[in-house]
Amino acid sequence: MNGVFMKDQLIIFDTTLRDGEQSPGASMTRDEKVRIAKALERLKVDVIEAGFPAASPGDFEAVQAVAKIIKDSTVCGLARALDKDIDRAGEALKQAGRRRIHTFIATSPIHMQMKLNMSPEQVIEYAVRAVKRARQYTDDVEFSPEDAGRSEEDFLCRILEAVIDAGATTLNIPDTVGYSIPQQFGATIANLMARIPNADKAIFSVHCHNDLGLAVANSLSAVMNGARQVECTINGLGERAGNASLEEVVMAVRTRQDVFACQTRIDTREILTCSKLVSTITGFPVQPNKAIVGANAFAHEAGIHQDGVLKSRETYEIMRAEDVGWSANRMVLGKHSGRNAFKSRITELGFEFASEAEINDAFARFKLLADKKHEIFDEDLQALISETSTEGEEERVKLISLKVCSETGEVPNAQVTLRIDNKEAVGCAEGGGVVDATLKAIEQLVKTEATLALYSVNNITNGTDAQGEVTVRLEKAGRIVNGLGADTDIVVASAKAYINAVNKLHQPNERQHPQMAEV
Ligand code: KIV
Ligand code: ZN
């Protein structure tokens, strides 16, 4: 190679649409998944885990829709080590240009005994059978020994050797409960690769959860010890404390090329757009001090830092903000922008309209917004489209009008008119403030009796004319839903968010959790 050192490729496997969706309240509709999948494709993610097709008909359709539309990334479906799950995944992925089936079974003593009630020999038998069946659908088969972080190394060696012989091409080592410590996890990867006789026939991957805040550190330690695929999610979304965050893994590898013997294909300039899209769709805000994508990630406050950065940015900056997509908010459209400009910008952002009527409706809402707010940014457009993504279903509850009164020395009150199942109803309530009064007036009409588990407001862009984006989390009988609403008036945004959550509570949710269901 003329003395040129070629670095290995580090495969980036994104599981925002599968493990990310397992965060309570983060479930996504089929259209939302397709939109995120397209953004991931633009980010140049190698593998997109689109879901768990056996979980429900809705999950199956979502994986199918992603498989149909994605051209450049491999589309993957999760399946327990069961014939019916693998067949379902194979079917959902049929139309994918590149498809992968990811099958798994638990291997830790506690999971095998308490959850599966199976002997280690039976677990190997199921794993081998599953991999062979998956190979009937695709040559690209991934196997995960669930809870590998607490599994015995000798047993991992046995089962992994057997699944490679059966045709697995990627071996993913999950730290399912986020129990591992970087040095030890890295050593496990190195040991497995050294001890398994046919290890060279597969790529080693890792999938780390963040219960101890170590998901990224564990993933990077594994990469330094030979792993060549990392499973991660945008914004670190995922079960409990989440998964390893894609943006942190990617930027660590890119920034410390002196340390890592590999590089990714990720177009890092797309990171921020992806982060915002996932946050908007799921209603999980990004904390301001979050690495890479938090609002303060590149902001310098202390005078000494500012002085240093102005003289030479490298004094305090190890990455360039623009390399991960931060540029000053770009004014993309305004009051005088026409329908074509609107449509083409929306399309560039990865949204697709099902009909001319849908474009007209979105354009009308854009015009209303542009009347209130002179400069419209990409973030505004994303919020505008996301809050009305109902996949063609008629919403049960709709906001017709809202009137609030707030005066010093008086009790704030609100009057809300809703259309519920096509009938108009008016509710009035008083509250500690106008938001409180508005939500009480809505609840009076919709009677969910749900607990308000979260209420948060974020500004989408800067300035006092910015849209406020409100997230409302409702909890009822163990079910958690997030509602989103955006408006230049945060009281209206709050009403929209509450109604959005109420509509989600009414939608049936019969999906199975992949890791809870028995084998
Ligand atoms: O955390 C985990 O073990 C998983 C598996 C299904 C890979 O998500
Ligand atoms: Zn996981």
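Any Cβ shown, glycine's included, is placed from N, Cα and C.
Taken from TrEMBL, the feature Mn(2+) binding site covers ASP19, HIS207, HIS209, ASN243. If you take the C-beta of HIS209 (Mn(2+) binding site) and look for same-chain residues 6 or more apart in sequence within under 8 angstroms, you find PRO174, ASP175, THR176, VAL177, GLY178, ALA215, GLY238, GLU239, ARG240, ALA241, GLY242, ASN243. HIS209 (Mn(2+) binding site) falls within a strand segment according to DSSP.
Taken from TrEMBL, the feature domain 'Pyruvate carboxyltransferase' applies to 10-272.
Residues annotated as region 'Regulatory domain' in TrEMBL: 398-519.
In sequence order, THR15, PRO174, THR176, CYS208, ASN210, ALA215, GLU231, CYS232, THR233, GLY238, GLU239, GLY242, ALA244 are the same-chain residues whose CB sits within 8 A of the CB centroid of ASP19, HIS207, HIS209, ASN243, the residues recorded for Mn(2+) being left out. Taking a Cβ distance under 6 Å to any atom of ligand 1 as the criterion, the binding-site residues ASP19, HIS207, ASN243 reduce to ASP19, HIS207.
The local packing around ASN243 (Mn(2+) binding site), expressed as other Cβ atoms within 10 Å of its Cβ over all shown chains, amounts to 34.
Residue counts of the region 'Regulatory domain' (398-519) by helix, strand and coil are 30 helix, 51 strand, 41 coil (DSSP-based). In the shown protein chains, 31 other C-beta atoms lie within 10 A of the C-beta of HIS207 (Mn(2+) binding site).
Secondary structure at ASN243 (Mn(2+) binding site), taken from DSSP and collapsed to helix, strand or coil, is strand.
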